[in-house]
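Reviewing the structure listed below.
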Amino acid sequence: MEDPKSLSAPLTAFNADTTTADETPAAQKKYEDDNGQKAGSESSENTKNSDHGDATEVNTPKSADLEANALRNSSVSRSNQEQEKSEEAIDPNIVDWDGPNDPSNPLNWPTWKIKTHIFLVSSITFISPLGSSILATGIPQILAEFRSTNAELGSLVVSVYLLGFAAGPLVIAPLSELYGRMPLYHICNILFAILTVGCALGPTLNSEIGLRFLQGCAGSAPLAIGGGTISDLIPQERRGKYMGIYALGPTLGPIFGPVAGGFLTGAKGWRWLMWLLLMIEGSVTLVNFVVMRETYGVVIMARKTRALQKQTGNMSLRSRYDQGLTTRRLWRNTLIRPAKMLVYSPIIFLLSLFMAMVYGYLYLLFTTFPVVFGEYYHFSIGITGLVYLGLGIGNIIGLVIFGVFSDKILLAKAASGELKPEYRLLPMVWTSFTVPIGLFIYGWSARYAVHWIVPIIGTVFFGIGLLVTLVCTLTYIVDAFTEYAASATAANAVMRSVVGATLPLAGPSMYQALGIGWGNSLLAFIALAGCPIPWVFYVYGERIRKSSKATY
C-alpha cells in the first residue's frame, strides 16, 4: 500500500496560502531563464534551437535579445531559483527535476512532440464544440420523428449539451490537478464516444435530451484542461500563438457543425450526424491513446518520487511540490477551487462574463440564420449552412491578429521589466468594438434585405471580435493563474457555457418583439457597454491579481 502522504503529492503545492497567483513553478522559471541567457549569447545559437527547438521564432538577434532580456529581468525567476537552491540545501530528501534540461520536464520535450500534443488537444477541442451545434439543422426531423410540436424541446436538444459543458469542468479540471491530464482526457474521450452512440440510437426525445447532457459533460474535458496542457508545455513568452490555435476549437467547432449538418441531414437523416461525429472523435481518441503522454509537471514529479521511494526504500523522500496535506484536505481544496475562483476573483468573473456574453451571442445568431437567409433571402437548407462560414472567416482574421501581435507585444514590453500577463489583453482592447459593429451591420442589413453579402460581412466583424476575445481571455487567465490554469479555465468555461445555453432560449421572444434590426441593436449596445472591461484589466489587472491572490 502506498504511503498516504505520497498519494497527496500531485497538488499539495497548489494549496499553500503564501503562493501568489501569478508565480510560475521554480523549475519552469529556472528553465526559461537558462534558455533566455543562452539565446542572447551568440546569434549563431539563435538559428539552432529556442527553448523548445523552434528555430523560426529566434532567427534574428533582435527577437532573441528581447526574449533573453525579458527572462533575465524576471524577479520571480530569480527569487524562485534562490528559493529552490535554499530548499535543496536544507532538505536532501526533496525530489526535483534533474537540472534545467531534464528531458522528463515537458518544457524540455522535443519540438515535434510538443507540437503533436498541442495539435491533438486542439483537435479534440474542435470536435467537442462541433457536437454542440451539429444537430441544429436536424431539429425539425427530430421533432417530426418523435411526434413532438414543442419547439422549446427542440432547442433544448442543442442547448442542454452546453449545460453539460458547464457542469463537467467543475469536476474534470480539479481531478486533472490531482491525477494528471491524460487519465481525464482518455476517460472522457471514451465516454463521449459511448454517449454519441447512444444519441445516434436514442429511442425517445427525452432520452435524447438526457444523453446530450451527459455527452456535453464528457466533451467538456478539452475545454476544461486544454489550456492547462498548453501551460504545461509552453513557457509564458511563447504561449500566445499556441493558445490562439487551441482557441479556434470553441469558435470554429460550433460554426462548422451546421455547415456539415445542413447537407448530411437532407441526404442521410439526423442520426447520421451522430455517426459522423463518432467517426471523427473516435479517430482522434485512438491517436491520443497511442501518442499522448502526461504533461502535468506536478504529477510527473509525484510519480518520480514514488519510484525513488520504492527503489531506495527511503519513504522520507518527497516531491518538491508536496507540502504534506492529507488526501482528504487535498481533495476538498482542489474540488472547490474552480467555484471559488469564479466567485472571489474579479478578473475571472468579469472577463468570463464578458466572454460569455460574446459567446452567447454566437449561439443566439445561430437561431436567426435559418429565418434571415431562409425566409428573407430564400436560401435552401444546404446553402443556409454555408453562411456560417462568414463567422469562420472572421475567426481566421482574428487568429492572425492575435498570432502576429500577442507574443511580440509581450516580449517588447517585458524587455526591460517583468513578464506581465496583462500584456495579453492589448489585442482585445483593440478589437472588442468589432462585436457591436458586426451586430449593427448584420441586424440592419437583414432588416432592409440588402444584398446577402452585407449581413455576412457583419458576421465576419463579429467573428473577429469573438475569436480575439476568447483567445485573449484564455491566454491571460492561463498566464495569470499558471499554477491553477486548469481550474481557472474551467471556471471560465462554466460561465461561458451557461450563457451559451440559456441566452438563445430568449432569442425568439426578443426578435419577435423588437425585430431583427432593433433586436441586434440591443445586443450591440450591451456589448458596447462591456468594451471597457479589457482596458480596465489591462491597466489595473496586476493590482487586482495581487490583492486577491490568497483567496483560493
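Backbone N, Cα and C define each Cβ position, glycine as well.
A quick note: this is a predicted structure, and the numbers were derived from the prediction, not measured.
Going by Swiss-Prot, these are the annotated features:
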type     : residues : note
COMPBIAS : 16-27    : compositional bias 'Low complexity'
COMPBIAS : 38-47    : compositional bias 'Polar residues'
COMPBIAS : 71-80    : compositional bias 'Polar residues'
CARBOHYD : ASN73    : N-linked glycosylation site
CARBOHYD : ASN314   : N-linked glycosylation site
REGION   : 1-102    : region 'Disordered'
TRANSMEM : 118-138  : transmembrane segment
TRANSMEM : 153-173  : transmembrane segment
TRANSMEM : 182-202  : transmembrane segment
TRANSMEM : 214-234  : transmembrane segment
TRANSMEM : 244-264  : transmembrane segment
TRANSMEM : 272-292  : transmembrane segment
TRANSMEM : 346-366  : transmembrane segment
TRANSMEM : 385-405  : transmembrane segment
TRANSMEM : 425-445  : transmembrane segment
TRANSMEM : 452-472  : transmembrane segment
TRANSMEM : 498-518  : transmembrane segment
TRANSMEM : 521-541  : transmembrane segment
Discussion item. Under 8 Å for C-beta pairs, could you tell me which stretch among 118-138, 214-234, 425-445, 498-518 has the largest tally with the transmembrane segment (346-366)?
Written reply: 498-518
Worksheet, complete the sentence: Most Cβ pairs under 8 Å to the transmembrane segment (385-405), of 182-202, 272-292, 452-472, 521-541, goes to 452-472
Worksheet item: Is it the case that the transmembrane segment (244-264) and the transmembrane segment (452-472) have 3 or more CB pairs under 8 Å, with pairs at least 6 apart in sequence?
Response: yes
Worksheet item: For the transmembrane segment (182-202), which partner among 153-173, 214-234, 272-292, 452-472, 521-541 gives the most CB pairs under 8 Å?
Response: 272-292
Worksheet item: Okay, the transmembrane segment (521-541) and the transmembrane segment (425-445): do they have at least three CB pairs under 8 Å, pairs separated by 6 or more?
Response: yes
Fill in: Positions whose Cβ lies under 8 angstroms from the transmembrane segment (498-518), at least six residues beyond its ends
151-152, 155, 158-163, 165-166, 356-357, 359-364, 366-368, 371-372, 443-444, 446-448
Response to the item:
Other same-chain positions with a Cβ less than 8 Å from the transmembrane segment (214-234) and lying at least 6 residues past its termini are 52, 106-107, 109, 114, 117-118, 121-122, 124-125, 128-129, 131-132, 160-169, 172-173, 176-177, 181, 184-185, 188-189, 191-192, 195-196, 198-199, 242-243, 246, 249-250, 295-297, 474, 477-478, 482, 485-486, 488-490, 493, 497
Worksheet entry | CB contacts for ASN314 (N-linked glycosylation site) [other CB atoms within 10 A, all chains] | 10
